[in-house]
Amino acid sequence: MKCRQCQKSAVIKMERHNTSLCGGCFNLYVHDQVDRAITEQKMFDHGEQILVAISGGKDSLALWDVLIKLGYRTAGLHLDLGIEAYSEVSRKKVETFAASRGLDLIVHPYKEAYGLGVIEIAEETARPACSACGTMKRYHFNRIAMERGFPVVATGHNLDDEASRLLGNVLQWQEEYLEKQSPVLSDEGGTWARKVKPLFRLAEREIAAYSILNRIDYIVDECPMSKGAKMLLYKDILNRLEEASPGTKHKFYLGFLKRPRAATATAKPVDLHPCQSCGQPTPGAVCGFCRLMQRVTP
Ligand code: SF4
Ligand code: ZN
């Protein structure tokens, strides 16, 4: 199998683009897709400092790697969720990656901050683990970015993540979520940090290939709490569709973004005020995170 660009020996076949590429041309392809996502969606520019949310998995580490190679100013943020061995290994991978490249890294360990990991917090508050985890992640991404002066938070969501989330939202006609499902979420005039997903044009297997090619050492295990998650079922269904008809995920998600309502990608303006407890912007009196933590037994 030869590279369609330069005739060297190819390392990856990409059915959805009907092409095969060698390592060098594949790296250029990945960088170009990320660059295109950033530019076309007006995510950020080289003057802004980007806080990159790093879990230790392939997507977030690959994103950090690409952003550095594209010349962006970045720092990493790792939330140590306190999920035993999974969190220990994840944190180690992130710290090793940052140290080996001399990158700035902020680590926020839940157990040190709150005395409990995310699973215990979910149990104490009778919330599903992933729901409590989502509330906590969104809160910390925003709070830490705002406190430290980062206008943008980038996450490693890829095409498979976005297409499967879209499928879930369509199957249940979650109109409110559909409106917000964009690779860029506005900063509401500086009230929030802007949230961006620069990997949304790249498939999960392409990011896995990029990570291996570039010797990025990531945690392969999934979070133990993800077992049985609906998203995995949707991903599996989309993978089967993709195999039968290459390009399905791309057409599904990028086609959705081209629709007029999704292109504007904005929910109705929300009336935000400082949370009575922590001061972070919230539409209610007390933000979701503080409401969650108020239910944790002291
Ligand atoms: Fe959090 Fe794990 Fe659930 Fe992901 S799968 S939301 S990391 S608890
Ligand atoms: Zn609050």
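Residue numbering: from 1, along the chain as shown.
Glycine is no exception: its Cβ is also placed from the backbone N, Cα and C atoms.
On a predicted model such as this, the values are computed, not experimentally measured, just so you know.
Per TrEMBL, Zn(2+) 1 binding site is recorded for Cys3, Cys6, Cys22, Cys25. The Zn(2+) 2 binding site feature in TrEMBL is assigned to Cys275, Cys278, Cys287, Cys290. Annotation source TrEMBL lists domain '2-thiouridine synthetase TtuA-like N-terminal LIM' at 2-27. The feature domain 'tRNA(Ile)-lysidine/2-thiocytidine synthase N-terminal' is assigned by TrEMBL to 49-222.
Structure coloured by features recorded in TrEMBL.
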{"residue": "Cys3", "record": "Zn(2+) 1 binding site", "Cβ contacts under 8 Å, 6 or more apart": "Ser9, Ala10, Ser20, Leu21, Cys22, Cys25"}
{"residue": "Cys6", "record": "Zn(2+) 1 binding site", "Cβ contacts under 8 Å, 6 or more apart": "Cys22, Gly24, Cys25"}
{"residue": "Cys275", "record": "Zn(2+) 2 binding site", "Cβ contacts under 8 Å, 6 or more apart": "Pro281, Thr282, Ala285, Val286, Cys287, Cys290"}
{"residue": "Cys278", "record": "Zn(2+) 2 binding site", "Cβ contacts under 8 Å, 6 or more apart": "Arg143, Cys287, Phe289, Cys290"}
Number of other Cβ atoms within 10 Å of the Cβ of Cys25 (Zn(2+) 1 binding site) across all protein chains: 18
Cβ-Cβ under 8 Å with the domain '2-thiouridine synthetase TtuA-like N-terminal LIM' (2-27): same-chain residues at least 6 beyond its ends: 203, 206, 209-210, 213-214, 242, 246-247, 249-250
In sequence order, those binding-site residues of Cys3, Cys6, Cys22, Cys25 whose CB lies under 6 Å from ligand 2: none
Additional residues surrounding Zn(2+) 2, by Cβ distance to the Cys275, Cys278, Cys287, Cys290 centre under 8 Å: Tyr139, Gln276, Ser277, Gly279, Gln280, Thr282, Val286, Gly288, Phe289, Arg291
Helix, strand or coil at Cys278 (Zn(2+) 2 binding site) [DSSP, three-state]: coil
DSSP-derived helix, strand and coil totals, residue by residue, for the domain '2-thiouridine synthetase TtuA-like N-terminal LIM' (2-27): 8 helix, 8 strand, 10 coil
